[in-house]
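Have a look at the structure below before the remarks.
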Amino acid sequence: RPTAQGRAAAGRVALLAVLLLPVCCREPPERLRYAIPEERGRGSLVGPLARDLGLSPANLPARKLRIVSGDEKQYFTLGEDKTNLQVNERIDREGICGAVSPCVLSLEAVVENPFDIFHISIIIQDINDNAPQFDREFFAIEMIESTPPGVRFPLGSGRDPDIGTNSLQNYQLTPNPLFSLVVRESPDGMKQPELVLEKSLDREKQRNHNLILTAVDGGDPVRSGTAQIKINVTDANDNAPVFTKEVYNVQLLENLPEGSLAFQVKATDSDEGTNAEITYSFSDISNRARQLFTLDSRTGDVKIKGSLDYEEGKHYEATVEGKDGGGLSAHAKVHIDILDVNDNAPTLSVLPILNPTPEDSVPSTVVAVINVRDRDSGDNGAVSCTIDGDLPFRLEPSSENTYKLILASALDREKVAAYNITITATDQGRPALLSSMALVLEVSDVNDNAPVFEEAAYSAYVAENNAAGAPVLRVLARDADAGANGRVSYWLAGGSGDAAAYVSVEARSGALYAQRSFDYEQCREFAVVVRAQDDGEPARSSTATVRVFVLDRNDNAPRVLWPAAEAEERVPGSAPALEPFEVVPRSAEAGYLVAKVVAVDADAGRNAWLSYELVQAAEPALFRVGLHSGEVRTARAVSERDAAKQRLVAVVKDHGQPALSATATLHVVLAESLQEALPELSERAAGAESPAELQFYLVLALALLSALFLLSVALAVLARLRRAGPPAVLRCLGAQRFSVAGAAFPADFYEGTLPYSYNLCVAPGRAVTEAAWLPPPLPSLPA
């Protein structure tokens, strides 16, 4: 029995081992090990995970440290600073591992840039948090008074969920001169208490004895549990029952249905009568085993009354007691092993690493981590994972129960924007069980597509004389990318000559508008280059050529080149110029070519198709003009009766809508030769003075005559005034209007050709004849 000093020393050594274990158990970053005591509170530090992985605080955000656990409960988590591994939930070692030692929890740490997985093992250390307990509070034992000293009676074992020194270490019995306690250790290490009869019993002296059995562990502080032993002394029974086996080893499949016969225990008794009737019962069995098995007290059949589960309990032990009618009993041990069957399908948990995944991700990029668990054992718990369908991904094992989902080939979001990945986990049991999980992996867009025009070259047709700002054409480019990468804008990127000055393009719609009014006669066609560019980074673009054809309108009248429509202006007074003429001999027959009217039209097509028509002629029946040739020919033979001079007016019309026209005047002289035609031309020139010119000469002559008359009058008046002294006009300014001497005369009285007032003021007392004031005769002017 260890002393108190020994227990204290052992506790200090264990505490030192707990404190040093996280330090001494570190291995290379691929496998980290920590050790912590159970029952640690939430937020308790497990270890500096980031430092042990070699991650500095500076690059920790970029590495995106995370932990992945396949357990249903998340016992561990990362602290707020993402550097330390902490306890997330209360850890009960006995509830997690039971009697298994060591108790190890595994998880994975995942980092990115570059991607890597680190495996972490955390050892859960036991503390003395459980006291030993007996299955029953009372043990009833019947002893025959004839039982000789030295006979042993097995007692119920105490149980302690703790392990190591914290588990049950010893039993103690209250002092009694008739009984003592012996602890026997079985091959599997269990301590079995047995009650030993030290002296003979005497039922007549004492029929009952009460004892207290105490079970103690080796923890610090020490914990204990007690049970009461009641001994009833009975009369003698010669033969005790005997079991067919001291130890029953039984193996049961976990999928046996309830009510099935698990096994049978059998004991015999050599006595007769009631002393040979054996009753079976469990004298020592755990509560869990008692819930699973039932024992028939008469037949010894053990049947299943609960659901067996290999994953919850792999091994059970019990002690069966056989007691005869006289009170003698025998005991047999039962070891029950539960065999695993493939009754658990694998479970999967997925940790997305890169979702959505950029479409330019290179092959071998890790996009997710899959953790697989199967509660079965052996081949039933061996799991393999596969991907359903032909997808650009593959699975690569990372550890015993972890897979990496890796990009196997290039992605193209424009072809497939998202993948429905079905991951199937299958175990190797018979029959195999499987489970599936769907992972939706979206592909994010990158600007890997340039805009594409619907047509490489566009053609637009615009009628001339259009209004500025009129729509010309709309180009459209599509970009297979999404968002800003697929948003297209347009602008002009060049063209033929100054074509960019003719049109403009709206940035968002791609509509081209005319900048000015087009003129077919100046520019019949031009080309511009339109560039379409997306808003991605970096931007991508493409170009298309737009050829604009200007359509003709009938906006130009025909222009007559010959004969000229009007004679050239000449200086007035110069000799008249001879107008163009054609000489036609009087001997000309019908169809004689007189002349050809030559005209052009700046328009095109039907607008430039010209037709000719004779609209005015002195002899309409003498001449005709070709409808399309413009050739003026004689319609009949020239006769002596026809006038020598002929004036022809032809109209030239185009075929536009509406039609435009021009006229041409042709002078024709009918004569056999040029010498014969000259007199006719001279007469025409002499009489060619226009009425406007004659009027001009007349006005000029009248103006000269008026000027000479006024000049003569002014000179005469000045001469007279110089010979007569002061002007009489000044003397008569204050005179009365009428004469004082005689009868009055009105002011408009005339004497001769001059008025009376003139004679009175200018020449008083003198008789001046009217002839004296006549102006000198004007010189004769040439007509």
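Just so it is clear, glycine is given a Cβ too, placed from its N, Cα and C backbone atoms.
Any TrEMBL annotation is an automated prediction that lacks curation.
Since this is a predicted model, take the numbers as computed values, not measurements.
Pulled from TrEMBL, these are the features on record:
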SIGNAL    1-25  signal peptide
DOMAIN    28-134  domain 'Cadherin'
DOMAIN    135-243  domain 'Cadherin'
DOMAIN    244-348  domain 'Cadherin'
DOMAIN    358-453  domain 'Cadherin'
DOMAIN    454-560  domain 'Cadherin'
DOMAIN    584-681  domain 'Cadherin'
TRANSMEM  696-721  transmembrane segment
Secondary structure composition of the domain 'Cadherin' (454-560) [DSSP: H/G/I, E/B, coil]: 7 helix, 51 strand, 49 coil
Composition by DSSP (helix, strand, coil) of residues within the domain 'Cadherin' (135-243): 3 helix, 55 strand, 51 coil
Number of helical, extended and coil residues in the domain 'Cadherin' (584-681), per DSSP: 12 helix, 41 strand, 45 coil
